[in-house]
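Over in Swiss-Prot, the protein carries these features:
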- 72-326: domain 'Protein kinase' (DOMAIN)
- L78, G79, Q80, G81, T82, Y83, G84, C85, V86, K101: ATP binding site (BINDING)
- D192: active site, proton acceptor (ACT_SITE)
- 345-380: region 'J domain' (REGION)
- 370-405: domain 'EF-hand 1' (DOMAIN)
- 406-441: domain 'EF-hand 2' (DOMAIN)
- 442-477: domain 'EF-hand 3' (DOMAIN)
- 480-513: domain 'EF-hand 4' (DOMAIN)
- D493, N495, D497, E499, E504: Ca(2+) 3 binding site (BINDING)
Amino acid sequence: MGNHLSVNKLKRKKKKKSFLNIYGKNTNENTSKQSNDYKYDINTSCISREGTTTLERKNLILCHSGKLEDKYIIDEKLGQGTYGCVYKGIDKVTNQLYAIKEEKKDRLKNINRFFQEIEIMKKLDHPNIVKLYETYENDNYIYLIMELCSGRELFDSIIENGSFTEKNAATIMKQIFSAIFYLHSLNIVHRDLKPENFLFQSENKDSLLKIIDFGLSKNLGTGEFTTTKAGTPYYVAPQVLDGKYDKKCDIWSSGVIMYTLLCGYPPFYGDTDNEVLKKVKKGEFCFYENDWGSISSDAKNLITKLLTYNPNERCTIEEALNHPWITQMTKSHEHVELSSTLLKNLKNFKKENELKKIALTIIAKHLCDVEINNLRNIFIALDVDNSGTLSSQEILDGLKKIGYQKIPPDIHQVLRDIDSNASGQIHYTDFLAATIDKQTYLKKEVCLIPFKFFDIDGNGKISVEELKRIFGRDDIENPLIDKAIDSLLQEVDLNGDGEIDFHEFMLMMSKKK
């Protein structure tokens, strides 16, 4: 089977180019129409840990009921999905660019599932997963404000290239495996991994790959099974078609993607969806000599392990990440120079007040790829187990590599303080927030991003009520939160008016501990 013929088959299967493929296109889900009066309620409760107030990551993503147009300029359309469109959005104050996903409520088959997608996205923080920043909702529409990826779909790269070199394919697959590892560690199964659901962050040749759609994702614990037939014919696992499967369906899908990257066509193909599904159900595939003769035995071995029919015998995601093909082919990408200021920034972060820590976290989440490129590479290099999070030991080992033989005795407390949700692991954005240099964040246009987040009513000042909403809930009394806010105002509210204006906010951000 030749590449040119196979690529043409893929082209015919590509129905529409869209930035986000909305769930429901290829599923047999039992759905029902929901009423339009469902209102999404964000839970902004805080966590108390060791006498401090900390925020769950999902609480940095607020749901607004105001007019989207008051904050964003709606620019060009980026794509069309089944139930809505995706536009480029421009923040009127900061000029930051975003992708705005618009969903019309009366066209959603199951609005509760859509809110489940939002809840899942709010938990996620990984270099290879698109970021969700905030949501808007009115009577007719729901809007997701997301990270803008200016690169192309992985699908389009396959169409253009026909196939990838093993080195390039391994670089892509390592990112996909890492994202799957992270999702599964959170007990989330994706269920629709396919090249159309991956975007390159930019047009740069070394750009990160991002999963951009979570419409079919669901929470699924270890040892649990689900029965809904969901996915896309080429990439769906046989067990999904049988109606009983677990998280290993994602590993099968990754095997289909890897096969396609290396030869330009999927292992199970046909002129109709039914033909494809029949072949998937059998699970039999071949490495055709014309296309696979020059491909290494290691690559074919990994594909065979990923596409093992019996899920109990299929390789785990950890085994995929540690497979010789991945470790050998991506070795050159792992040498990153660690800055000697890394430990200094980590220690300084511990001393900051809670408002500044949250502000730095918001900044870290919003900064573009160019601004965090070095820190991102450091994070990936330190993440030895490719889990998408950092353990204390991984950071300590990294510090020793750059010559820190005498690690400060309080280092474990420093690292615990960075762990914003007490998970025992340091997440991507937490690491960026704790290590970002002042010269990067101490700019008016950058500091406006967190200030506007705190200034919910947009009057140019951060009030006590707004701080309560950020740190906890403004409708529930909490002495711990009240005490934290009083202490914060004493430090930051220099003119004593009970509010924090932007000048006071900038002074707080520039203050050296």
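Each residue's number is its place along the chain shown, starting with 1.
The backbone N, Cα and C atoms fix where each Cβ goes, glycine too.
Known features from Swiss-Prot, placed on the structure.
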| residue | record | DSSP class |
| --- | --- | --- |
| L78 | ATP binding site | strand |
| G84 | ATP binding site | strand |
| D192 | active site, proton acceptor | coil |
| D493 | Ca(2+) 3 binding site | coil |
| E499 | Ca(2+) 3 binding site | coil |
| E504 | Ca(2+) 3 binding site | helix |
Spatial separation of L78 (ATP binding site) from E504 (Ca(2+) 3 binding site) - C-alpha basis, Å: 39
Length of the line joining the Cα atoms of Q80 (ATP binding site) and the residue listed as 'active site, proton acceptor', in Å: 18
Predicted model, mean pLDDT over the domain 'EF-hand 3' (442-477): 85
Residues close to Ca(2+) 3 site centre defined by D493, N495, D497, E499, E504, Cβ within 8 Å: K461, L489, V492, L494, G496, G498, I500, D501
Residue among binding-site residues Q80, N495 with least C-beta crowding, 10 angstrom cut-off: N495
Most Cβ neighbours inside 10 Å, all chains, among the binding-site residues L78, V86: V86
Pairwise CA distance, L78 (ATP binding site) versus D192 (active site, proton acceptor), rounded so that it is a whole Å: 21
Winner by Cβ contact number (other Cβ atoms within 10 Å) across the recorded positions G84, D192, D497: D192
Nearest of the recorded positions (G84, V86, D192) to E499 (Ca(2+) 3 binding site) - Cα to Cα: V86
Pairwise Cα distance for D493 (Ca(2+) 3 binding site)/V86 (ATP binding site) [Å, integer]: 40
